[in-house]
Every structure is written in structure tokens, then in C-alpha cells.
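Quick one: structure below, then a few questions.
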Amino acid sequence: MNTLKRAVLKIGSNSLSLAEGGIDETVIDQLAGVIAELKKQGTDCILVTSGAVAAGMAKMKLKERPKDIVGKQATAAVGQGILIERYSYYFEKYGMSCAQVLLSRIDLVEAEHYRNAKNTLEKLLNFGVVPIINENDTVVFEELCFGDNDRLSALVAGMINADLLVLLTDVDGLFTANPVNNREAVLIPKVENVAEVKNLADGTGSAVGTGGMVTKLKAAEMATRFGTPTFLMNASRIAQIKDIVEGNYPLGTYFPPLKHKLNGKKRWMAYAALSMGTVIIDAGAEKALLHDGKSLLASGVTGIEGFWERKDLIKIVNNRGEEIARGITEFSSEETEKVKGFHSEEIRRLIPEIKAEELVHRDNLTITQEY
Ligand SMILES: Nc1ncnc2c1ncn2[C@@H]1O[C@H](COP(=O)(O)OP(=O)(O)O)[C@@H](O)[C@H]1O
Ligand SMILES: N[C@@H](CCC(=O)OP(=O)(O)O)C(=O)O
């Protein structure tokens, strides 16, 4: 029996592009066909698709992907309309409707915006329409963009509680080295701990792709922490997505979900929200957060960086400068500076109006341990 209610499928620029330039419509046709079949079997899909720049390049007869941001933005503006028109055409062929949803990193930073995006996606799925997501390339700015669509697809999987994330690319999965330039590279069928394989990924994508394997591993790490099983496979096997849904894994790399998954608010804190500043903590506080499941107290803070207000999100780094957690703090940066290193009684004396005992309460804290 099919128990997967929701799947997010992500297809990269590489797999959608023709060698001579432009979009490969046979791939769009196959994707629409598989999504329509899955729908009949009870699995709703959200598609995260790249390809706007590739489609724009063909239209404008550009031989190379523009290197400058504005060039990419203008090219994506030309290509996005062409891309979505082709998807609409092929979904209609299979009796389905689709909707264009353009998201950027900034749209997910505020908790309210994140909820709005989630509600719209939920409504589209309720309408029986396939949301087709791409990054809103035309308006993003460099400091705050995904660039690749891998991490965006993982955030979307977390947002809608997907039961499966499939990353479709131009290689068969994760190899022991980049298979494009290492003949001896061997496919890894299953990865339990992404941190252990991160060194195998090389960040260079193909001529049209962005991010390479590095951003795919980051996406797998995020999605599996959200409790979403993730599968990385070759887009030439699109038809086999049906096998995954039926519980049979084709050739590819499987990343099983983690047992201790992050809940909705912690997903947003860990990967979507922006931090306003940083507190540096000592070894005792690091142990309390990582091993004892405790809140962060001011007594464990040794330094601060940045300026923030009460209820802002901050990063928590250890004394080696490694990020270990993020959380919403009850103290502004000015207040934190005043109370750092002090115990509760002294804090009440220094700032009598503050009722909170903790700098960051455990309910408002998520372990990130960046890799
Ligand atoms: N260890 C690895 N295993 C597999 N592929 C790798 C590895 N390291 C780097 N890569 C590269 O990642 C590329 C896929 O990333 P990318 O070009 O960004 O694709 P997409 O457009 O699908 O997002 C592959 O073509 C391959 O060259
Ligand atoms: N948003 C861009 C996608 C950028 C990109 O190349 O992403 P990816 O193929 O996932 O490495 C586009 O539509 O062209």
C-alpha cells in the first residue's frame, strides 16, 4: 500500500538542459507523467525546478551562462516564463494543473512569511494543483540567495512535512569522488550520517548546474533532520520514482531520516531564519546544550558579537568558533553584555525588569552543529 502522502521532487538545470542549449521537453513530459501517476496512487508532489537561466540562454542565444548576478537575473527573467509555460502544457496533457511559486531566501526569513508560503503550498495541494517552485532569481541579491535549488527543496520538504525528497541530477548518486573526473569513483548506496561523507563532495557543478554535490549533501542533511527520507538519483531514471514510492529503491543514494527530528518551529530557526548576532560560550555551557538538553544561561557566555533586540534569533558558538546552536533570546545584545558570566541572582540585581531565567530557553533553541 502506498503510504507516502507528499513528495518533493527537485530537478537540476543540468538534467533539464539540452547539449545544444535550451530545455529538454522530453524530461518535462516524463516528470509531468510520473507526477500525474503518483497523484492517482495517492501521493501529492511539489516540484522544485531549476532551468530558468538555461531556458533564457537559449532564447537570447547566449553560449555561456552569464557570470555576473544582473546578467543571470535578466536571463532568468526571460527563461522563467518559457519554463513554466512548458510545464503547464505537459501537465495539461496528463489532465493536471500546475502553479508557479517563486520563493527567495528572504521570503522565508520572517516566521510570518514562512507560514504564509507554507499556507499557500498547502492550499495548492488541497486544490489538486502541482506547485512548481523555483528561486525568484530576478529579484534575489547575492548575500541572501540560495543560488542552487537543493537547499530550497529541503526547506520546502520541511515546510510541508514531506514523506520523501527526491533530488534528480545528472549522476547516479553520491560517489566516493566526483565521477566526472574520477574513473575509480564508486557509488555509495546509503548514507546514515551526512557529516561523514561531506569531504567526498566537490562544489563545482556542471556548466549549467550550481552548487555541485556540496549543496545536495546539505539538502540531504537538512531534510533528514526534518524527518524526510531523501533519495539522490539520476534524472534519466525519472520513471523509477514510482518504485521509491512503492518502497523499492532504484540505483542511487538513500539518506534515511534521523530518529530525533526537528519540529516545525525548530526547522525554521535552524535553516530559514537569519541570526542577528552571536554569543560565544564556554565548554561547560557547550556540554549543557549538546549533551544534557539544557537551556543557555548567561553564566556560560564569554563573549558577544553583533547587535540584537529581545526575541531576536542568535547563533551560539563554542570557544573554538564553531556554531553549535541557534535560538531566540530573551535578552538584547546590550543586556547580554551586562549579564554575561553572571548567575541568576546577580542578573535580577543588574536588570530587575527581566523575568526570564535563561538567555535562551531550551524550547526556543535548536542544535545546528554546522558541518
Ligand atoms: N562525490 C561526488 N559524487 C557525485 N557527483 C559529484 C561528487 N562531487 C561532485 N559531483 C558533481 O556534482 C554534479 C551535480 O551537481 P550540479 O551540476 O549542481 O547538478 P544539478 O544541476 O542537478 O543541481 C555532478 O555532475 C558531479 O560533477
Ligand atoms: N534558479 C536557477 C537555478 C540555479 C541552478 O543551476 O540550480 P541547480 O540546477 O539546482 O544547481 C534557474 O532556474 O536557472
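Using N, Cα and C of the backbone, Cβ positions are placed for all residues, glycine too.
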For the substrate site that TrEMBL assigns to D137, N149, which of S50, S88, S97, S236 is also named?
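Only hit among S50, S88, S97, S236 in TrEMBL's substrate site, alongside D137, N149: S50.
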Considering only the binding-site residues S50, D137, N149, which fall within 10 Å of K10 (ATP binding site) when distances are taken between Cα atoms?
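The binding-site residues passing the 10 Å Cα test are S50, N149.
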Out of the binding-site residues I have (K10, S50, D170, M213, T215), which ones have their Cβ sitting under 6 Å from ligand 2?
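Near the molecule: S50.
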Using DSSP, break the domain 'PUA' (277-360) down into helix, strand and coil residues and give each count.
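For the domain 'PUA' (277-360), the helix, strand and coil counts are 25 helix, 24 strand, 35 coil.
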For D170 (ATP binding site) and S50 (substrate binding site), determine the Cα separation and express it in whole Å.
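About 13 Å separate the Cα atoms of these two residues.
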Which whole number is the mean pLDDT over the domain 'PUA' (277-360)?
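Over the domain 'PUA' (277-360), the predicted model scores a mean pLDDT of 94.
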